[in-house]
């Protein structure tokens, strides 16, 4: 009888595990995350109607059960080591959408696109850019306020093995404010089989008509009797007659 109950319980656990592995993440969860500001794991657990202390309490009860059941100092020491490992690991915090200092490389194309035989100093500077992740996959961290900041750099040219220093101005873009904004999804373009024909019908077509002009030749034999007449005076008299 006990063996049958054990098989039944193991089968139930297996079916539950299989169903849990194949379930996709529901869309309601994405909507729930997008409507709240979640900065830590505790906030996420509160949003999902959970208690932050349940996980730590379960681990503590498990360790205490093992220590009392064994009754040995070694098991108690293992429980203390497991609790110590939990206190060392700090909770993960979300990288919220805000401005951060980033390194921007000043390329030579920003100064002179026609010439590449020079150096730029400094080669890189610091800028403020928006970065971070949002709670929903349909939104992205984007700047809402931008400021243009001109800076002066040195353009170093080598002419006849001598360096020539020139000044150049580069405009940098700093982000002052950020916000998680909705990303417009690209609509799929559906092409019907008759779409190309309709487009051709709507497009005005210019027809070029080429007309061929034929030159009529005089009928043969009309002036055949004057073919061998070389005297112009005799030809005029004959035509005048």
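Heads up, the Cβ atoms here are built off N, Cα and C, so glycines get one too.
Per Swiss-Prot, the features are as follows:
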type	residues	note
SIGNAL	1-20	signal peptide
CARBOHYD	63	N-linked glycosylation site
DISULFID	97-141	disulfide bond
SITE	108	site 'Involved in receptor binding'
SITE	111	site 'Involved in receptor binding'
DISULFID	130-178	disulfide bond
DISULFID	134-180	disulfide bond
COMPBIAS	216-230	compositional bias 'Basic residues'
REGION	216-241	region 'Disordered'
Exercise for the section: Specify the count of other C-beta atoms within 10 Å of the C-beta of residue 134 (disulfide bond). Expected result: 20
Handout entry: Which of 111, 178, the listed recorded positions, has fewest other Cβ atoms within 10 Å
Key = 111
Completion exercise
In the three-state DSSP scheme, residue 97 (disulfide bond) belongs to coil
Exercise for the section: Give the number of CB atoms, excluding that of residue 180 (disulfide bond) itself, located within 10 Å of its CB. Expected result: 20
Practice task
Could you measure between residue 111 (site 'Involved in receptor binding') and residue 180 (disulfide bond) for me? Cα positions, answer in whole angstrom.
Solution key: 33
Practice task
Calculate the distance in Å between the alpha carbons (Cα) of residue 178 (disulfide bond) and residue 134 (disulfide bond), and round it to a whole number.
Solution key: 11
Exercise for the section: Using C-alpha atoms only, work out the spacing between residue 180 (disulfide bond) and residue 130 (disulfide bond) and round it to an integer in Å. Expected result: 10
Problem - Closest of 97, 130, 134, 141 to residue 108 (site 'Involved in receptor binding'), Cα positions, disulfide-bonded residues only - result: 130
Fill in the blank from the handout: DSSP, reduced to three states, assigns residue 108 (site 'Involved in receptor binding') to helix
Fill in the blank from the handout: So residue 141 (disulfide bond), by the Cβ count within 10 Å over all chains shown, scores 20
